[in-house]
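Okay, so here's the structure we're looking at.
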Amino acid sequence: MPGVVRLLALLLVPLLLGSARGLHNATQRTFQIDYRRNRFLKDGQPFRYISGSIHYFRVPRFYWKDRLLKMKMAGLNAIQTYVAWNFHELQPGRYNFSGDHDVEHFIQLAHELGLLVILRPGPYICAEWDMGGLPAWLLEKKSIVLRSSDPDYLAAVDKWLGVLLPKMRPLLYKNGGPIITVQVENEYGSYLSCDYDYLRFLQKRFHDHLGEDVLLFTTDGVNERLLQCGALQGLYATVDFSPGTNLTAAFMLQRKFEPTGPLVNSEFYTGWLDHWGQRHSTVSSKAVAFTLHDMLALGANVNMYMFIGGTNFAYWNGANIPYQPQPTSYDYDAPLSEAGDLTEKYFALRDIIQKFAKVPEGPIPPSTPKFAYGKVALNKLKTVEDALNILCPSGPIKSVYPLTFIDVKQYFGFVLYRTMLPEDCSDPTPLSSPLSGVHDRAYVSVNGVAQGILERESVITLNITGKAGATLDLLVENMGRVNYGSSINDFKGLVSNLTLGSKILTNWEIFPLDMEDAVRSHLGTWGGRDRGYHNKARAHSPPTYALPTFYVGNFTIPSGIADLPQDTFIQFPGWTKGQVWINGFNLGRYWPVRGPQMTLFVPQHILVTSTPNTIVVLELEHAPCQDGGPELCTVEFVDKPVFRTVQTHRHAN
């Protein structure tokens, strides 16, 4: 406590030095900074926010109100959200603001519940989200310098902000909405460039669209170099840090860049992110609560990142360098679990908050009920190779050398690369990616015989066998673009040449695969079992690997039972790695042999009681029924999430 008192004394010094700014105009709603007394003013009255992060793009719209109400009942008076550009503009000029993408409705819903909103519209957001929220199609300009004053980048950003920010303007606090502050960029000091022209460009565009009086801010880590590049005059500089940080040092660093004004931790970490193959990250409730208490005792404004993490459905997860993709779950060990459940951490933080602010009275919405629907048998349907006419109805693109995903306008998912072996490989011959050009994972086969896997940065050579003229296929998976640091220009596919022995492989056929359309529209026309020359050859595949294959099954939820359907979790006993859809909804990636995530969250709104629910699994390596009957090939619905880490090896799985 003496340290807190000493820091408080240091921080009060500017009261004698500052000049009064941000005076209240009683005729309108205002949210301003009182630089004289180091605080925010809301409608002229002192105000301190206690906020939590929630990402609308990681929580189904069906559950927005439930999660927001739980946040309010914890004592929060504000929520913070990013806006993920690529979530709204998946293809250039084609915008989606409906359904789960309706950010305006999300913000309005927070307003209706009495929550203020701290908006972080990027354009870059990090967030462990694919490419940090930047759309992959920006990479069609191969030399583009992202997050800079590169003219190509600024032109795209300018157009996007011209679409997004006018939608946000009516939702600003001054206009009757809940948005009190708006962040410019995101932790820009951590990026390779220190481009003040870029920040000034954003500052001007935000003012153009939102007004000169909007309160703009930046966020950077507690490091002087980071703040030097991330802060800009006219943008209020805030910091972010984790439990256990020295508060005196952290806030004095903010004071170096903002001598007066409120103390703000824009990202106080309640947990941490996961990577495939690593232990599930946890942070003790005691540590989070202790530091939160001390920050609130100082009068600081705090946003807890995350208050609920949510889910990276489909292909939306990001990755870090050295290449480490994040899993489907973004649980984050947050106060509300991935499924929105109340945790011990939730109540620990609520107890701290109520010492400093009024916590709403009344019942807290309970954790949603979960149901274990049990095991569901799946039948083998088709391999990816056998379904090419459905997955790529327009046929392949031909090129002497490999093309990237961006070259063929495939932004997510999978591309199959095909060529012919130029010579006999009777003895095992190295298929190599000398420049680690497989981004990110290639499932290799010769004439329908699975050979093994090439993996970015870890497995760059694989011995294969086959006759001259045999078909060499590589199904390449985009496992998520890098979302942080200097490597966010993350091209996918075969980004450099492959060699067989000493020869460069040429004359490729490239199949961009539309998995979503095939799963949603053509499932019933796929026919029965595999057929053709592949069948005989598959018997000789290495036992660890098989061709990437689709499996399908159905299960029925009784319609006469009250409160069904309910949320559930799906697990994959005996399966290896792949993608799963339920009723056409892409739940995301499973990889139980790597962990730590063993189950995938299944929200109730994608389930039905009127007809059977259809499960489609794309197993990329080896299914439990690969060598046995379909009765061995099951998935299981359970009522609790499971996280654990399995020992991994660089050469397998």
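The backbone N, Cα and C atoms fix where each Cβ goes, glycine too.
In Swiss-Prot, the substrate site is described by Tyr82, Glu128, Tyr332, and among Asn186, Asn265, Asn389 the residue recorded at this site is Asn186. In this structure, Glu267 (active site, nucleophile) is part of a beta strand by DSSP. For the recorded site, Asn186 (substrate binding site), the DSSP three-state label reads coil. The closest partner of Glu187 (active site, proton donor) among the glycosylation sites, by CA position, is Asn96; the full candidate set was Asn96, Asn497, Asn554.
In this structure, the C-alpha atom of Asn96 (N-linked glycosylation site) lies 16 angstrom from that of Tyr82 (substrate binding site). Of the recorded residues, Tyr82 (substrate binding site) and Asn497 (N-linked glycosylation site) place their C-alpha atoms 38 Å from one another. Secondary structure at Cys229 (disulfide bond), taken from DSSP and collapsed to helix, strand or coil, is helix.
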